[in-house]
Amino acid sequence: MSADAAAGAPLPRLCCLEKGPNGYGFHLHGEKGKLGQYIRLVEPGSPAEKAGLLAGDRLVEVNGENVEKETHQQVVSRIRAALNAVRLLVVDPETDEQLQKLGVQVREELLRAQETPGQAEPAAAAEAQGAGNENEPREADKSHPEQRKLRPRLCTMKKGPSGYGFNLHSDKSKPGQFIRSVDPDSPAEASGLRAQDRIVEVNGVCMEGKQHGDVVSAIRAGGDETKLLVVDRETDEFFKKCKVTPSQEHLNGPLPEPFTNGEIQKENSREALAEAASESPRPTLVRSASSDTSEELNSQDSPPKQDSTAPSSTSSSDPILDFNISLAMAKERAHQKRSSKRAPQMDWSKKNELFSNL
């Protein structure tokens, strides 16, 4: 085929994995009637997931060696022989189908061939951005292929004899409903649905914050046909950084922009100021509260202030402060003061009633 056709073809993915404490974190299997080995399951948080490996990917090369015609055990032996790191060239079902139609052989050199002519593109893309051509988001997407991929996907499928052909599940560590697996040759696979996709909308209705049963009911309510707006892991992270919920407007329209470091710092500074504002008044509030209290006490005492200043008689009535009276008189007044503070005597005629109530 021509070089131009190859240049426009979708590309495989090169996933570089470093073995963790529990291995690489993916399951390999072969399918009946299909040649090759496939990724069946990718464990969350594993080196395989971090490297971008997806369930349903077909394994083409291991450390630069083609394994398309090798048996399951031969491929496993190659991976184990790599010790603590391995390089896997894979293709997802959609890319695999398109490359087969174009007659392109999947190999690692295909990625290098695409990188070489594109080295001058970043500078041209920077100039285009500097020119401020904001009215052509699709052109900006073309100069940023990684951003062009970070779009939601609308998967339209009609129910087959065995249903749609996918399993739905929820993850305790992550909010939302996810595609656990997609059956080969199913309506779900034909629509482009992939394992680990997160469902955003069902038949145009947003499923954010919905429970598992709600999503299942919405799918069943569509009858024999359903439309699922989904995002893969990378796209989901991109929209979360932008603080935007994906929608059908993002299928072809302009994409949101993630917060830059400056904006994040501004947000952090605003949060810090807000925290400082919420925390700093606390001591001042204590002081103002005490001053308010003292003012209230003074205002209450201000009318009696005249009493407290005028009646030196009240101060002279204090047995301790009055030095003009005799000691016996002072003792008598002190005794009267103590007796006036005593609790009233109990009516013992009611003691039985009181105790019985207790």
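Just so you know, glycine gets a Cβ as well, placed from its N, Cα and C.
Taken straight from Swiss-Prot:
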COMPBIAS  114-134  compositional bias 'Low complexity'
COMPBIAS  135-149  compositional bias 'Basic and acidic residues'
COMPBIAS  287-306  compositional bias 'Polar residues'
COMPBIAS  307-319  compositional bias 'Low complexity'
COMPBIAS  348-358  compositional bias 'Basic and acidic residues'
DOMAIN    14-94  domain 'PDZ 1'
DOMAIN    154-234  domain 'PDZ 2'
MOD_RES   Ser2  N-acetylserine
REGION    114-192  region 'Disordered'
REGION    269-358  region 'Disordered'
Taking the domain 'PDZ 2' (154-234) alone, what is its mean pLDDT?
-> 90
Which numbers of helix, strand and coil residues does DSSP report for the domain 'PDZ 1' (14-94)?
-> 16 helix, 32 strand, 33 coil
